[in-house]
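Taken verbatim from TrEMBL:
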type    : residues   : note
DOMAIN  : 61-293     : domain 'Radical SAM core'
BINDING : 75, 79, 82 : [4Fe-4S] cluster binding site
Ligand code: SF4
């Protein structure tokens, strides 16, 4: 597929009507709609599809409370867009957390009502399957209630290579140790040209998908992601969606699709123009339309702002990600948007949706259908105010952020 898909050869309203009626659209049609369809028509179609998929609960938008645990920033992969990593030789910048530190962070997550942790870090040259087995089993032993939704195909490829085992064995072993599902990290851009330009040492997009397909076939589901705005073309964005849709047709293992935008600070990519909010909202809409086999589309407003996040709920998104108790990766690259739990609930409510806290598997845990009874949060807010927001000392590193 080229960038030159021709608007004149498509009847845009007819394609939108077919999509709104549940018909599948081709990648070529998706490219034309993404690039040229009137914004409101695109959004109306996406919103109609969301409403139909969630008939009966279409008034609800969800969020989750989780903690991102960055276990190390040491990484051999040196992605050009990354502001988080330290090369193994850089002993001044590099760090790793010990198990006690990680367990303390899990304890804080439980204390604040979090249900999920996202283990996220660099490709450390010494961390094979055994490292993850040890840490996941220790977390599950102390905190069986925490869901470990973490890592992705890139980490699996790396740990399997370090431990000299197959990716199947790596997945089975970390799953047995406590990993519940993969977060889909490392997808970045799946087509070869933009992927090589920003992450030349990562596995190919095809390999990323192959590993996720293997995980799905072994019963470990995942989410899927996309990094927008590092110089890829519109056709390459749509190709990324096509690659995900094809795997999803075979496995059904992607629970959600989460696009987010490149942040330009402190990394080695030069002269990139960030994706605009309009591009982002159009991506949310075309993802809802094109990925007819993926249930959840998440608006990741950490990198685009709260108003953009609210708009995504009217352009096909049904979820706004997480109130995240700690985040260091996209913040390192310049993401500045923050929110606490009350703000997350207000953000969803003022976007004309009823907020609901969800589980990792998207079941509603608490529906905040009466503002007078918002539980938010004497319990969580008091912890926030005594630690991060008012600069308390109990947990000096605790930051209440919201992200994907
Ligand atoms: S994005 Fe991940 S794999 Fe790439 S350099 Fe950063 S930490 Fe390493």
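Sequential numbering from 1, following the chain as shown.
Backbone N, Cα and C atoms are what each Cβ position is placed from, and that goes for glycine too.
These figures come from a predicted structure and were not determined experimentally.
Set side by side, the binding-site residues 75, 79, 82 differ in how many other CB atoms lie within 10 angstroms of their CB, and the most is found at 79.
Per-residue pLDDT, averaged along the domain 'Radical SAM core' (61-293), amounts to 95 for this model. Within 8 Å of the centroid of the Cβ atoms of 75, 79, 82, where the record puts [4Fe-4S] cluster, the same chain has further Cβ atoms from 77, 78, 80, 81, 84, 85, 122, 123, 199.
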